[in-house]
Ligand SMILES: Nc1ncnc2c1ncn2[C@@H]1O[C@H](COP(=O)(O)OS(=O)(=O)O)[C@@H](OP(=O)(O)O)[C@H]1O
Ligand SMILES: Nc1ncnc2c1ncn2[C@@H]1O[C@H](COP(=O)(O)OP(=O)(O)O)[C@@H](O)[C@H]1O
C-alpha cells in the first residue's frame, strides 16, 4: 500500500490480554442457515461471560443490517462480506476480546481466506453440521420456503453451494446431540487457548 504507515501503539494486544487476564482469539461458527450457529454462539458467549471472559459476538443478520448493508448474496458480495468481518474480528482480537463469529461462510476458500486474515493460531473453526433437511424443516425464518418457490435466489444449500470443512477444530451435530452438550464440547476445547494469566 502506497503512502500508508501503520503506527506502532505502545499499548498492544499482549498488554490488553494481561489486563483482561486471558488470551484473545476467534471462535468461528460455519454452517447452513438454520443449522444452529446463532443459538450455539449465544450459549457459548453466555458461558464464557459467566467465567469472566471478555467476549464480543458478530452475527450474519446483525452485521448485514449495519456495516455490510450494501452487500447481497452473489459470490463477490459474500467474499466482501466475509473479508470485512474477518478484518473486524481481527481488530476485536487485538482489543483483547474473544470473538464469537457466526456466518455461513460457505466455501473452503472463504474460510481459508478468513483464517489467513485472522491468523491460524487465533482461529477456531466450529462446524455446525446439521443436514439440509433438518435446517429446512426448522425453517426458522421462512427463508427455505421462499428459496424453494424461487422468491430468493442464491440461497445456500438450495441453489448456492455449501462445502463442509475438512478438519474443523470442533464439529457439532445438532440433530444428534443437545445444544448443552455441543456448548460444553466447544467451551472445553477453547479453555486451553484462554490460558488465564490472572
Ligand atoms: N441467499 C441467501 N443465502 C443464505 N442466507 C441468506 C440469503 N438471503 C438471506 N439470508 C440470511 O442471511 C444470513 C446469512 O448471512 P451470512 O453473512 O452469514 O452469509 S455468508 O457467510 O456471506 O454466505 C442468513 O442467516 P442465518 O440463517 O443465521 O445463517 C439468512 O438469514
Ligand atoms: N442442538 C441444537 N443446537 C442448536 N440449535 C438447535 C438445536 N436443536 C434445535 N435447534 C434449533 O434450531 C434453530 C437454529 O436456528 P439459528 O440458531 O438461528 O441457526 P443459524 O444461526 O445457523 O441460522 C433454533 O430454532 C434452535 O432452537
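Each Cβ is built from the backbone N, Cα and C atoms, and glycine gets one as well.
As recorded in TrEMBL:
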type	residues	note
ACT_SITE	105	active site, phosphoserine intermediate
BINDING	31, 32, 33, 34, 35, 36, 37, 38	ATP binding site
DOMAIN	24-173	domain 'APS kinase'
CB-centroid shell, 8 A cutoff, ATP site 31, 32, 33, 34, 35, 36, 37, 38, site residues removed:
29, 102, 104, 128, 130, 135
Are any of the recorded positions 31, 33, 35, 36, 105 near ligand 1, with a Cβ under 6 Å from it, and if so which?
33, 105
About how far apart, in whole Å, are the alpha carbons (Cα) of residue 32 (ATP binding site) and the residue listed as 'active site, phosphoserine intermediate'?
9
Excluding near sequence neighbours, so keeping only residues 6 or more apart in the same chain, what lies with its CB under 8 A of residue 31 (ATP binding site)?
37, 104, 127, 128, 129, 130
Please identify, from the recorded positions 33, 35, 38, 105, the residue with the sparsest Cβ neighbourhood, meaning fewest other Cβ atoms within 10 angstroms.
38
Limited to the domain 'APS kinase' (24-173), I'd like the whole-number average of pLDDT.
97
From 33, 34, 105, which recorded positions have a C-beta atom under 6 Å away from some atom of ligand 2?
33, 34
Can you count the other CB atoms that lie within 10 A of the CB of residue 34 (ATP binding site)?
23
For residue 36 (ATP binding site), the three-state class that DSSP assigns:
coil
